[in-house]
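I have placed the structure first, in the form of structure tokens, so that the comments after it can refer back to it.
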Amino acid sequence: MFDKLLRKKTTAVPSTLQERLAIVKEKPVPTHVAIIMDGNGRWAKQRKLPRIAGHHEGMKTVRKTTLFANELGIQVLTLYAFSTENWKRPKLEIDFLMKLPGEFLSTYLPELVENNVKVEMIGSSDLLPSHTKEAIQKAMEATAHNDGMILNFAMNYGSRFEVVEAVKTLALQLSENTIQLEELTEETVSGAMMTSHLPDPDLLIRTSGEVRLSNFMLWQLAYAELAFTEVLWPDFNEESMLSIIEDYQKRSRRFGSLEGDEIK
Ligand code: IPE
Ligand code: IPE
Ligand code: MG
């Protein structure tokens, strides 16, 4: 019941947005969008609420953004949910953040299934509490056969950690002679990353006005278009996303060449 009400409320995009959406969909949209969801704490502070209230509100933005990205025809949406550096935060905040995947998925999993969304995760699950691991595992299993948009959570993810792990894998293969030095190429390195099965992001979005990568997908973002917005993550909405995609479609991605007046 509650779920139905929510669905009605947030999927009803105003007509002007619908018109803009239709125009955007006529041009190529980014295949893979990665988002650094930042600003939950400041959102809460502005309202004199505890930081966790911002994280809870941010969870609703995850749902809204997922549905809208799906509507846009984006194929992979990677969301930075918890970094390897976020363990430095107070335990109470970490505990709350670790409960969010469970809450998000128990509330919205049916809707994700309905929308043919496939849930995946990058990052190390080793340090995650078992309830967090189980919630993500359950969602991955329930959506394993979906072939629509991939919703990829970066959870306990750190790009440098990922690179170190990839180096270890490749070093082991070299020492065991299963690969040769000449076979170490950009492709084999990409293949050793947690994103081996995904295309690199075309577009990186960071909310909250911070202009840094915070250890996120350093290898994969080599040629991504970057978009930074002042909007705090809980306030990020369909309009914010659409404006960024409209701007993206005006850019010229040359990849070092002189060609490409239009986005490819
Ligand atoms: C992003 O919001 C969520 C996570 C990093 C888990 P923050 O919690 O970083 O919010 P600010 O940056 O303090 O406002
Ligand atoms: C990056 O945000 C991590 C996530 C969004 C999960 P942070 O708020 O942790 O990054 P810094 O500390 O501002 O670099
Ligand atoms: Mg932050």
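The count begins at 1 with the first shown residue.
Any Cβ shown, glycine's included, is placed from N, Cα and C.
Over in TrEMBL, the protein carries these features:
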ACT_SITE  Asp38  active site
BINDING   Asp38, Glu225  Mg(2+) binding site
BINDING   39-43, Arg51, His55, 83-85, Trp87, Arg89, Arg206, 212-214  substrate binding site
ACT_SITE  Asn86  active site, proton acceptor
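In space, Asp38 is the closest of the recorded positions Asp38, Asn86, Glu225 to Arg206 (substrate binding site), judged by Cα positions. Candidate recorded positions: Asp38, Trp43, Thr84, Asn86. Those with a Cβ under 6 Å from ligand 3, in sequence order, are Asp38. When the recorded positions Asp38, Gly41, Thr84, Leu213 are checked against ligand 2, Asp38 have a Cβ within less than 6 Å of one of its atoms.
Ligand 1 lies under 6 Å from the Cβ of the following binding-site residues, listed in sequence order from Gly39, Thr84, Trp87, Arg206, Leu213, Glu225: Gly39.
Every protein chain considered, the tally of other Cβ atoms within 10 Å of the Cβ of the residue listed as 'active site, proton acceptor' stands at 17. Annotated pair the residue listed as 'active site' and Asn86 (active site, proton acceptor), C-alpha to C-alpha distance, rounded: 12 Å. With respect to their backbone Cα atoms, Trp43 (substrate binding site) and the residue listed as 'active site, proton acceptor' stand 18 Å from each other. A separation of roughly 24 Å, to the nearest angstrom, links the Cα atoms of Thr84 (substrate binding site) and Glu225 (Mg(2+) binding site). Closest in space to Glu225 (Mg(2+) binding site), of the recorded positions given as Gly39, Asn86, Trp87, Leu213, is Leu213, taking the CA atom of each residue. Looking only at the binding-site residues Trp43, Trp87, the densest Cβ neighbourhood within 10 Å occurs at Trp43.
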